[in-house]
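**Student:** Here it is: the structure, laid out below.
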Amino acid sequence: MHVCHKAQPGFPSGSDVCLLGSIPSTLCSVLNNKMPEEMDKPLISHRLVDSDGSLAEASNEAPKVGILGSGDFARSLATRLVGSGFSVVVGSRNPKRMVGLFPSAAQVTFQAEAIDSPEVIFVATFREHYSSLCGLSDQLAGKILVDVSNPTEQEHLQHRESNAEYLASLFPTCTVVKAFNVISAWTLQRGPRDGNRQVPICSDQPEAKRVVSELAHTMGFMPMDMGPLASAREVEAMPLHLLPSWKVPTILALWLFLFFYAYNFIRDVLQPYVQEGKNKFYKLPLSVVNTTLPCVAYVLLSLVYLPGTLAATLQLWRGTKYRRFPDWLDHWLQHRKQIGLLSFFCAALHAIYSVCLPVRVSYRYDLVNLAIKQVLTNKSHLWVEENVWRMEIYLSLGVLALGTLSLLAVTSLPSIANSLNWREFSFFQSTLGFVALVLSTLHTLTYGWTRAFEESRYKFYLPPTFTLTLLVPCVVILAKILFFLPCLRHRLSKIRRGWEKDSAVKFTLPMDHALTQKTSHV
């Protein structure tokens, strides 16, 4: 193994803590004295802005931080550090060419000069360029190196050790900290309000982690301790994941869409063509899609509340809450938010598609044909009171259901959810969610009306699509109603407050048991 370190006689093996003792007191004092309310300060401090809007020179008293690298991430990092009140020195192989790309408050110089005075140095270069820094090993001794690099998927599978561990092996006299690799250049430029605030940090040296954590806090981010440097491989894998929590819900929604689309195609397009010789394939791009989307949205919404019903049933059956749910149910419960948002997405698309229906040319032809038919049959007035009322109620319930789903979607956003207390969040996600499911069920029943009992609706002996979508929601609603019965509600409340069926300990609910149920969610 190649090590970028010259032998130093008398260098103690356990001197990591001593290496950190050389951190300037100005850096520690500034980091420790930052107030919490300064986390959300603007990206560029007003005291660092010239009259022409450019960044001014930083004060000589500002704590100094070094950056090795002059790429896009290094420039964004320098901008954020300058805006947070730090004095930034950037080390580049060609400083004259790069100086115009960095804020005027940042000093751009050669790498050897950039690492001379800062004790915290960001290494913003790719893994293959680490060896080019070996000539600086003597100057880097005792300093904190913050590795911000990320491997590609191929590199992550190819190398057994992380980039940070590889950097630590090249510079054993330095303390390597893995941090800021999950923060994008856009977030650094625009500030943490417009991106992810969490910064996973790992290192074998607790004091170095504390210094980098306070630096991240000063920049407006939320440091998250991930343990020793061995966790760097896990941290570096985080940016490689593409929406991991959305994979299963998206596949579920896609399969439901394909099933209902094929089912509607057989009923609305294939059956008229086979049995009546009518060509209705023009319905495939819009009409069949619009019939499929509410089915998917409705079933997905019911699947949001079905696992909670199953979990409550298991707790009642077992008589305790201290036994783990099956893995499939546990994962299902964790994906409810994503399933609910996909349900809202499909419902919103259904509303947009429905607005587009009257714009179709085929719709205009149908109106003309209906008018001609009315003239030929000498019918001067077409008005079916029942159908008029049914459609009015059907549309009204649909609008109410979509509006309620919109509230659920908005309150599930982290920025909104974090501003709600538990009772408020539970009201929106649980109570209003159940109301949305009931409104959607009434919307579907009003659409179906008496069609489920008409023989002509069973094309190829297949029942109408809405009858299939009603199965799961009706089960959920029925189970919810059963759980409202005093006998089951009282027993479930005791179980969730720690009572066990086989326990010898006597348990009595408080007198105001309804209030307890609303405020206690252990």
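Cβ atoms are placed via backbone N, Cα and C, with glycine included.
No curator has checked TrEMBL annotations; they are predicted automatically.
Remember, predicted model here, so these are calculated numbers, not experimental data.
Look at TrEMBL and you will find 64-151 tagged as domain 'Pyrroline-5-carboxylate reductase catalytic N-terminal'. TrEMBL lists 248-266, 296-318, 339-361, 393-413, 425-446, 466-488 with the feature transmembrane segment. Per TrEMBL, the feature domain 'Ferric oxidoreductase' maps to 295-438.
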**Student:** Which residues of the same chain, at least 6 past either end of the transmembrane segment (466-488), have a Cβ under 8 Å from a Cβ in it?
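**Tutor:** Same-chain contacts beyond the flanks: 263, 294-295, 298-299, 301-303, 305-306, 309, 312-313, 316, 434, 437-438, 440-441, 444-445, 447-448, 451-452.
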**Student:** For the transmembrane segment (393-413), could you work out the same-chain residues 6 or more beyond its ends whose Cβ comes under 8 Å from its Cβ atoms?
**Tutor:** 301, 337, 340-341, 343-344, 347-348, 351, 420, 425, 428-429, 432-433, 435-436, 439-440, 442-443, 446-447
**Student:** Write out how many residues of the domain 'Ferric oxidoreductase' (295-438) are helix, how many strand and how many coil, based on DSSP.
**Tutor:** 120 helix, 0 strand, 24 coil
**Student:** Could you please provide the mean pLDDT value for the domain 'Ferric oxidoreductase' (295-438)?
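**Tutor:** It averages 91.
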**Student:** Please count the residues of the domain 'Pyrroline-5-carboxylate reductase catalytic N-terminal' (64-151) that DSSP assigns to helix (H, G, I), strand (E, B) and coil.
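**Tutor:** Taking the domain 'Pyrroline-5-carboxylate reductase catalytic N-terminal' (64-151) as a whole: 37 helix, 23 strand, 28 coil.
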